[in-house]
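A.B. asks: Okay, so TrEMBL annotates it like this:
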type	residues	note
DOMAIN	35-545	domain 'Neutral/alkaline non-lysosomal ceramidase N-terminal'
BINDING	H128, H237, E475, Y516	Zn(2+) binding site
ACT_SITE	S288	active site, nucleophile
DOMAIN	547-713	domain 'Neutral/alkaline non-lysosomal ceramidase C-terminal'
Amino acid sequence: LLLFLITIVSVYGISDYQEHQRRRQQQQQLDTSNYRIGTGVADITGPVAEVMMMGYAQTGQTGQGLLQRIYARAFIIESKDRKQRICFVNTDTQSMGDIIKKRVIERLKGLYGESLYTEKNVMLSSTHSHSGMGGYIQHLLYEISALGYIEETNKPMVEGIVNAISRAHQKLQKGNVVVKRGELLDTNISRSPQAYLLNPEEERAQYKYDVDKDMTMLSFLNSGGDGLGVLSWFPVHGVSVNNTNRLINGDNKGYAAYAAEKHFNPDSLPGKGQFVAAFAQANEGDVSPNTFGAYCTGTDIPCDGTKETKCPGTSTCNGRGPGWKVSDLESNRIIGQNQADMAIKLYNDHSSNIMSVGGPIDYRQKYWDISTVVIQRENGTTASLCPPAMVNTAGTTDGPALSGFYQNTTDGNIFWDLLSSIYQPASKEQKECQSPKPILLDTGEQKIAYDWQPKIIDVQLLRVGNLFIAGVPSELTTMSGRRLRKSIKQGLIKNGLGNNDTIVIQSGPANGYASYCTTYEEYQMQRYEGASTPYGPHTLEAYMQVFDELVVSMAKGEPITDSKELPDYTSETFNWTPGYGPDRAPLHRHFGDVLCDVANKTTFNRKKKDIVSVRFVAGNPRNNVKLDDTFLTVEQKQPDGSWKVVRTDDDYDTKFHWSYKFKALGISQATIEWTLSDNVEPGIYRIGYFGDHKVILTKKIESHQGYSKEFTVQ
């Protein structure tokens, strides 16, 4: 025993050994339910070049490289009798495609059989980043914004999600799930406070803030008390990186995961560690990370996107993040780091009020026709939802859209009517149903092509003991999320599944995308969120009603019997993404050759935050998206002369830029940048580039690589 203790202390150190023992003792004291749990992470990064980004619908915002990779992070919880399990997957995407989920389930059934992982017990929820590649939603309106349904995006996304789930499946082991909650300030604000104030005063009085400030987190601990991962929810839009960005990344929640996983996996490269940290999205519909408020660009004039606060000249109304004086990337880092720091703090919270989840695993899921719902109220009155329609041309203070359009608009104008007349105009019934929305795009009554917006959507409720996760494809505003959570909890208590300690989490956009959902009161103002609530003013009530159906079904132990069939339009879709041909190297050059090496000086100063830059002869990165791989490395020379990789293309201080030099000839270049900082260890380094090119005659894809000269960091 003494020899064993000496060995443990020598390997782990005294403090690490004490921490390990403390966690083991804590685990023994907790009321563990002996779940089997597993966590996994995998790369889902698609084409980083020439494909439209998804989120801002900004014309010309195509990828030109990579800031950070985007990931899927999977969490599996199985009951102790191994008869029931759920799988929650968090993706660094704007939303989730319903066909992506369908394909993921098909792949999982091929791997694990028909019943282990299905559309009913697997939830795919997104972080709502606006800086990932688009083309994974099958409905026409969203395809137009991304220039099509793009299999180049879909295939690596499906493969990566399946990989994440498979890795979690392979790591399944006995463990425990602990729920923690903490208040996180200076990280989100309301971008539509005027609309929020339309909610009843007595309802608003129940809450301290006009946005939710609590982070709710699940810690996944194995039977020895060691951490396998954390899964947190906190509402804040993925728009810290603005609409001028051209580098793929996961926005603030992607950075939060990167920072947290670096903390928990200090000796691993990004995405390669055993500890998985996911930062899921909640009711972020009206919630902005631009915590300094909105101002007219180039001025200190406050604005809110309305005609009354119209900005002078060509100035636009834009939100400012906490690092706005430096850059939007600095704001992104701060908002992401805030979330990571809170997750780390909660994980290390050893107070006695930790709640250990125990009890049954269950789930209900339904494909639901939201556009034809009739709401049956307890007082006998009814209300109907509408075929979808939109008025989202004004954009938000997080990303202004078309000039001449404003938020808080309930009346059209001549230009408005001209635009709407290009498409099939809204019927009288549709106008009455959607009132006071001045319909610009009557997406639900269009006869052109296939559905412009979804009518059949995926709603889902997962249960882990006294914890329930509601997956919603819409972006719920703050009060919408609060009402839905409250309604579900009341239903759980009424039907004997819950009590006052029951925790309900609303997650999404999940399992698809159905734009926004405001409260009835907020809808009347027609700010961006109300204008982008497709199914009319009673949408939230419909969600509350359908989740009550899921609760009742779960309480009775009965299956959902009226689920619709999910349509698949992918055989009818289009793809306007530009094609690309073979690659060519410039005359007397080879792929991977250095075109412009590090600066003439061979010594760089980390304290001055010098930028090291190298340019290479490249191939189009669409030739190989390099799942779980990298386009670049920063390598440090070791005492024995070998090289150690210390940075990849997923590190926040590196950037991978790609562009054509002569597109007609297929000649392109890749520029790699590394921004130094105090946390860089002094030493000798080199930068590596790894690409692929398409051979002219054979069309075969071949790999290539190149390295900079050595340089010194001091």
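Cβ coordinates are placed from backbone N, Cα and C, and glycine is handled just like the others.
Remember, predicted model here, so these are calculated numbers, not experimental data.
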A.B. asks: Hey, of H128, E475, Y516, which of those binding-site residues are within 10 Å of S288 (active site, nucleophile), Cα to Cα?
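C.D. replies: Taking H128, E475, Y516 one by one, none has a Cα falling within 10 Å of S288 (active site, nucleophile).
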A.B. asks: I want the residues beyond H128, H237, E475, Y516 whose C-beta is within 8 angstroms of the mean position of the Zn(2+) site's C-beta atoms, in chain order.
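C.D. replies: In sequence order, the nearby non-listed residues are Q281, E284, G285, V287, P509.
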A.B. asks: Restricting to the chain of Y516 (Zn(2+) binding site) and a gap of 6 or more, list residues whose Cβ falls under 8 Å of its Cβ, or answer none.
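C.D. replies: Expected: G285, S474, E475, L476, T477, Y528, E529, G530, S532, T533, P534.
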